[in-house]
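S.K.: Here you go, one structure.
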């Protein structure tokens, strides 16, 4: 009997994943990853975070009802190094990070998989809405989930071949409604539990306040400038802004104004028109080729430049051994440094990288 460690967040998706795997004949072990929590745990509890005490309690109750072993594992140091430190450094560098992607690759997979193999597991499993397939070329790849609205492949694009070969994602074949129906049918107390907060360690979405508290440093204001370098006014610190932003700029120009660029080296935020935030080309690094050995020059794909982006046709161009360009058929709005660009062919994830410009 194959042994699988299921990462259980206390939510309905991972709970049903554990149930489905047990029904399929696996030897299932439930594990909740303790990654971060408030000093008083209060804001995590109020915002339904995946790492508060109530999440552990819910996961433990589900494991008991499924009659599977259950453990809590401490990954706080791994989470701090790979997610929180990265999050802060990216904002300080004028980029807009995606901490969930970093958490998936380096904590939920790299760290959990290593520890699971040490206790004799063959696989790890999660409640993500994605599917894993083996392609004719022998490579493992992600395939979009059965329900497009819940598909989570964008946030999983940088998983390695080794990680994919040892991962199961049983709820990828189901819709969210079907998952809740299964949970209700077998009497799980989390059947109607709301989805968890996306960024668990900034539950109030006050990134600036979090970064000031985390670093112990005050954020330094600077200048708003136009695309020609003329000073337009003062901003409250570059971490408050992201490319494409219009609301909350705190500057009145008598016309619609958008963030075009963030310049950390001069502490400037460039403001322009809506036309200024469209581009037909981006450069990406930190590449992960998934469905192919490497990205080929001239490869045609659909590229997603943010989680809720529908995707747009583009052609991949090799820039160097570590960078590629993506040339779009139609200009794209607010291509944001720090975010992921993920490439698809049909429902298959080809791979992706991090946007640098």
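Please read every residue number as a count from 1 along the shown chain.
Each residue, glycine too, has its Cβ placed from N, Cα and C.
From Swiss-Prot, for reference:
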type: BINDING; residues: 7, 8, 9, 10, 11, 12, 13, 14, 33, 127; note: ATP binding site
type: DISULFID; residues: 103-200; note: disulfide bond
type: SITE; residues: 128; note: site 'Interaction with tRNA'
type: ACT_SITE; residues: 200; note: active site, cysteine persulfide intermediate
type: SITE; residues: 339; note: site 'Interaction with tRNA'
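I would like each feature placed in context: is it buried or exposed, what are its neighbours, and how far apart are things?
M.R.: A sphere of 10 angstroms centred on the C-beta of residue 33 (ATP binding site) encloses 23 other C-beta atoms.
Take the CB of residue 200 (disulfide bond) and look out to 10 A: across all protein chains shown you find 25 other CB atoms.
The Cβ of residue 128 (site 'Interaction with tRNA') lies under 8 Å from the Cβ of 13, 152, 156, 169, 171, 172, each on the same chain and at least six residues away in sequence.
DSSP assigns residue 200 (disulfide bond) to coil in the three-state reduction, outside any helix or strand.
In the three-state DSSP reading, residue 339 (site 'Interaction with tRNA') counts as coil. For residue 339 (site 'Interaction with tRNA'), the Cβ neighbour count at a 10 Å cut-off comes to 25, with all displayed protein chains included.
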S.K.: May I ask which of the recorded positions 103, 200, 339 is closest to residue 11 (ATP binding site) if we compare their C-alpha atoms?
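M.R.: So, of the listed recorded positions, the one sitting closest to residue 11 (ATP binding site) is 200.
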S.K.: Please give me the CB contact count at 10 A for residue 9 (ATP binding site), counting all chains in the structure.
M.R.: 24
S.K.: I'm trying to understand the geometry here, so how far is the Cα atom of residue 200 (disulfide bond) from the Cα atom of residue 9 (ATP binding site), in Å to the nearest whole number?
M.R.: 12
S.K.: To the nearest whole angstrom, state the Cα distance for the pair residue 7 (ATP binding site) and residue 103 (disulfide bond).
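M.R.: Distance (Cα to Cα, whole Å): 13 Å.
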S.K.: Give me the long-range Cβ neighbours of residue 103 (disulfide bond): same chain, 6+ apart, Cβ under 8 Å, in sequence order.
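M.R.: The list for residue 103 (disulfide bond) reads 35, 79, 82, 83, given in order along the sequence.
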S.K.: For residue 33 (ATP binding site) and residue 339 (site 'Interaction with tRNA'), what Cα-Cα distance in Å is obtained after rounding to a whole number?
M.R.: 25
